[in-house]
Each structure stands twice: as C-alpha cells, then as structure tokens.
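Asker: Below are the features listed in TrEMBL for this protein:
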type     : residues : note
DOMAIN   : 85-293   : domain 'ABC transmembrane type-1'
TRANSMEM : 7-27     : transmembrane segment
TRANSMEM : 91-109   : transmembrane segment
TRANSMEM : 135-154  : transmembrane segment
TRANSMEM : 160-179  : transmembrane segment
TRANSMEM : 221-243  : transmembrane segment
TRANSMEM : 274-297  : transmembrane segment
Amino acid sequence: MHVMIKIGKYTLIYTAIIFMLILIILFPRDAQMIQVNGVMEYHYQFSWETYYESVSSYFNNIVENKSLGGTRNHFTVEEILAIFLPRSLKVIVTAFIISLFFGILKGILDFRHSQKKSNVIGNGTTFLFQAIPDFFLIIIILLLVISFFPFIPIFAQGVWYEFLIPSLLVTILPLMYVARITSSAVASQEGLQYIVVAKAKGLSNKMVLYKHVLKNCYSTIFSHCSSLTIYIISNLLMVEYLLSYQGAAFRLFQAIDYRNSVSVGRRSNFEPELIIAIAVSFMLIIMISQIISEVATDSLDPRRREKR
C-alpha cells in the first residue's frame with residue numbers, strides 16, 4: 001500500500017512536469033523582420049490569443065486526429081519515434097545494466113582497498129572520473145580513441161553493434177556514480193552487530209561482505225535507479241550528438257533547429273510536436289525507473305518488509 005501511494009505521487013508529479021514542458025515548448029516563437037529607417041530589425045510580440053490557439057490546436061489534434069503531429073519530412077511524429085527511439089533505448093538499457101553491475105563491483109573494490117596503499121587505484125580513480133566534467137571526459141576519450149585506436153569503429157552506422165560504443169561512453173560516469181554509492185553503503189555497515197557475529201562464527205571477510213553486507217546494501221543502491229537513469233540520459237544527449245548516432249536525442253537536436261544567426265526568408269524547421277514527444281518519452285523512462293527503484297527498495301529493504 002505504501003508503495004502504491006508513492007507510485008501515485010510520482011505519476012501526478014511527472015504528469016504535472018510533462019504538462020509544464022508542453023506549455024514551455026508551445027510558447028509562441030513567431031517573430032518578424034521589419035525595416036526601420038533602412039535597417040532590418042527583429043521584432044517579437046507575445047499574444048495570449050496565439051498562445052492559447054497553439055496549445056488548444058495541439059491537444060485537439062491528439063483527440064480528433066489521434067496523432068501527435070507532423071514533422072518537416074512529412075512523416076508523423078509516431079513514425080519518427082518508431083525509428084529513432086528504439087536506437088536510444090538500446091543504449092539506455094545497455095548502459096543501465098553495465099553501470100549497475102560493474103558499478104557495484106567497482107564499489108566493492110573501492111571499499112576493500114580503502115585502507116590500503118592501492119586505494120589510489122580504487123577510490124582514487126572513482127574520484128578522478130567524477131571530478132572531470134562529463135562533456136570534457138567524453139571528448140578526451142573520443143580524441144584518444146581516434147588518435148591511438150583508429151581501428152575501433154566509434155562512428156559505425158547501420159550495423160548491429162552500432163549501439164555498443166555509445167553505450168560504453170554513456171556508461172563511464174554513471175558507473176562511477178554507482179561505485180561511490182556502493183562503497184559508501186558498504187562502509188556504513190562496518191562494525192554493525194551482525195557483522196561481528198558473522199566473523200565470530202569464523203566466516204572470512206570476503207564471505208561476510210558478499211553474503212551478508214551486500215544483501216543489506218542492495219536497497220540503498222537500487223534506491224538511486226532514477227538518478228542513474230537521469231545521469232545516463234544526460235550523457236546520451238552529448239554522445240548521440242558527438243557521434244552522430246541516429247537516436248532520439250540526435251533527432252531532438254535536429255527538431256530544435258538552433259541557429260546562431262537570423263536569416264531573412266529562411267523557413268524555420270522547429271518541430272514542437274516532435275520535441276514534446278521525445279521529451280515526454282525520456283520523462284516516461286525516468287518515471288518507470290523511479291517506480292522500479294521504489295518497488296526494488298521496498299522488496300529488498302528488511303526494515304520495510306517488517307512493517308508490512
């Protein structure tokens with residue numbers, strides 16, 4: 001019951017966020033180039049009537065035409081999503097699994113080496129990767145691969161393994177995030193009564209760690225699933241753009257149609273309906289991970305099980 005209430009709250013919160021996102025994206029962008037004293041000037045005038053018409057026409061199109069809208073290439077938004085979203089989902093799911101599995105292993109390694117000179121390899125590398133801005137780190141790795149490992153197909157397109165390189169690049173920082181959480185969770189269990197009893201029974205430190213300590217840490221680790229997903233999606237936006245990986249994030253940048261200058265007579269390729277659809281898709285992925293996180297935490301936390 002406690003979990004269902006929380007899921008209901010998350011649903012309401014994300015619904016409100018999605019609605020606000022739609023209102024922001026549909027904000028009127030129409031402007032005019034007017035000649036004033038022989039000089040072309042950029043003029044913008046906001047109109048509530050235009051804003052209301054934009055929002056109402058969007059929802060009317062969904063209700064009446066059962067469609068999310070059209071795009072610049074005369075495809076429907078649904079058709080574009082069916083092409084580009086699965087490619088991003090491959091990267092997100094792969095990165096999530098790798099980050100969680102190897103992040104836990106890295107966190108255990110960090111904890112076991114925390115009191116040794118080899119701690120530089122453990123916590124040292126974790127701190128180092130987390131201290132470097134993700135955008136800068138990804139660019140450095142790409143430059144190193146291009147310069148010293150040109151045989152690695154980082155820009156592969158149209159092959160079954162095209163999602164692997166983007167997945168690995170997206171994974172680096174989320175993996176370190178999970179490692180930090182795991183190391184802290186394991187360290188917080190140190191010295192507790194059940195550990196003392198287990199060691200008194202003659203169990204080795206490794207057996208105590210893997211059989212008892214980790215079991216009590218899983219609820220803490222899985223409670224960060226939504227944060228991990230947000231981390232992955234934020235990195236996905238950069239990686240898809242830098243590698244020209246044809247996923248939903250890459251198509252999102254195209255739909256925004258950002259320009260540094262204004263050209264007279266140029267038609268805008270801004271696609272609000274597609275931007276909304278992709279943004280909502282990412283929001284739903286985050287919401288699902290939040291629900292999975294809550295269910296997993298409730299199932300794995302012994303204190304919550306006792307209250308049921």
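First residue shown is number 1, and so on along the chain.
Note: Cβ is positioned from N, Cα and C throughout, glycine not excepted.
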Asker: Between the transmembrane segment (7-27) and the stretches 91-109, 221-243, 274-297, work out which stretch tops the count of Cβ pairs under 8 Å.
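Answerer: Ranking 91-109, 221-243, 274-297 by Cβ pairs under 8 Å to the transmembrane segment (7-27) puts 274-297 first.
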Asker: Any chance the transmembrane segment (135-154) and the transmembrane segment (221-243) have 3 or more Cβ pairs under 8 A, given the pairs are 6 or more apart in sequence?
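Answerer: Checked: the transmembrane segment (135-154) vs the transmembrane segment (221-243), in contact.
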Asker: For the transmembrane segment (274-297), give me same-chain residues lying six or more residues beyond its boundaries with a C-beta closer than 8 angstroms to one of its C-beta atoms, as numbers and ranges.
Answerer: 3, 6-7, 10-11, 14, 17-18, 21-22, 25-26, 58, 68-69, 71, 77-78, 80-81, 84-85, 89, 92, 96, 218-219, 222-226, 228-230, 233, 248-249, 251-252, 255-256, 304
